[in-house]
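Enquirer: According to TrEMBL:
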- Ala68, Val69, Lys70, Pro71: NADP(+) binding site (BINDING)
- 5-97: domain 'Pyrroline-5-carboxylate reductase catalytic N-terminal' (DOMAIN)
- 160-264: domain 'Pyrroline-5-carboxylate reductase dimerisation' (DOMAIN)
Amino acid sequence: MHTITIGFIGTGRIAKALIAGLVRDNNNEISGYDKDPAVADAVCKEFGITRKNSMSELVQSANCIVLAVKPYQIETVLEELRRELRPDQLLISVAAGITSEFIRTRSLEEMHVIRVMPNTPAFVGEGMTVVSRGKCATDADLAQAEKIFSAIGKVAVLDEIHMDAATAVSGSGPAYMFHIIDALAEGGKQCGLSDDEAVTLSAQTMLGAAKLVLESQKKPAALIKDVTTPGGTTEAGLHQMEAHNVRQAMIDTVTAAAQRSVELKQ
Ligand SMILES: NC(=O)C1=CN([C@@H]2O[C@H](COP(=O)(O)OP(=O)(O)OC[C@H]3O[C@@H](n4cnc5c(N)ncnc54)[C@H](O)[C@@H]3O)[C@@H](O)[C@H]2O)C=CC1
Ligand SMILES: O=C(O)[C@@H]1CCC=N1
């Protein structure tokens with residue numbers, strides 16, 4: 001199989017989750033550079049990847065470069081990077097809100113850019129990654145990106161116009177799911193479970209429910225019916241969810257995150 005050399009600029013939290021998943025694929029040769037040497041050191045040692053001492057060193061040795069710095073740091077990184085880049089390299093950005101055109105116009109005119117929105121469950125091979133193609137990226141580039149990210153979970157290819165929505169649902173989504181797991185567990189504790197028991201019951205229930213949605217042909221509303229006995233326990237619980245308008249709270253959560261993604265472009 002063809003080896004892909006992937007270089008990470010920024011080895012912070014999302015890079016770490018991606019690297020943890022990507023090292024399991026032997027076709028990848030991974031390196032990392034972070035301006036904070038302690039951060040780079042820790043990740044490179046933990047996952048046995050090559051630590052580069054400069055951005056220049058990293059760019060020279062990689063055919064796929066992943067920008068994994070904060071959105072506001074992208075412009076500075078590109079200023080330093082553009083002199084080193086080659087048009088045969090693939091530039092992948094995971095930065096929320098930053099468009100592929102912003103990246104192309106600040107790198108090389110003909111740069112092949114792919115914008116990606118991953119999420120932290122990549123760490124355990126259950127990532128959801130949304131991929132979109134920049135102006136000069138080819139079918140082969142898109143296929144390459146799909147191949148890389150399919151090693152760490154599911155991949156969806158969407159037009160870039162949908163990136164704000166994708167960021168709000170699956171990029172930020174794990175945080176909302178952790179919040180719900182924590183709240184479900186807290187309810188369990190208030191009803192007498194220990195902390196560990198409550199978190200296990202809650203998290204495994206989230207996992208199983210998600211799997212059922214993905215693997216059964218049923219819609220969530222039909223699956224709710226399968227759990228709910230008229231006059232039973234689920235119905236009593238669902239009345240509370242409706243009284244507190246949990247559904248609307250989740251919708252507002254996603255629209256606020258998507259709006260923030262729009263603002264990050266400015
Ligand atoms: N954390 C998450 O769940 C997700 C984050 N993202 C995106 O990933 C990007 C990174 O986010 P996090 O990993 O959460 O942030 P982070 O702060 O944990 O990591 C960013 C890293 O970049 C390094 N860095 C900053 N400037 C640099 C430079 N000039 N050269 C080399 N390294 C530099 C920092 O030292 C830091 O270690 C952001 O743009 C974010 O929008 C996307 C999807 C999910
Ligand atoms: O909170 C953020 O802005 C980033 C993007 C998606 C997840 N974390």
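Using N, Cα and C of the backbone, Cβ positions are placed for all residues, glycine too.
What's the neighbourhood like for these features in this structure?
Expert: Under a cutoff of 8 A between CB atoms, and with a sequence separation of 6+ in the same chain, the neighbours of Ala68 (NADP(+) binding site) are Phe8, Ile9, Gly10, Thr11, Gly12, Ile14, Ala15, Leu18, Val94, Ala95.
Across the domain 'Pyrroline-5-carboxylate reductase catalytic N-terminal' (5-97), DSSP assigns 39 helix, 21 strand, 33 coil.
Each residue of the domain 'Pyrroline-5-carboxylate reductase dimerisation' (160-264) gets a DSSP state, and the totals for helix, strand and coil are 89 helix, 0 strand, 16 coil.
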Enquirer: When you measure from the Cβ of Pro71 (NADP(+) binding site), which residues in the chain that are at least 6 apart have a Cβ under 8 Å away?
Expert: Ala95, Ala96, Gly97, Ile98, Leu264
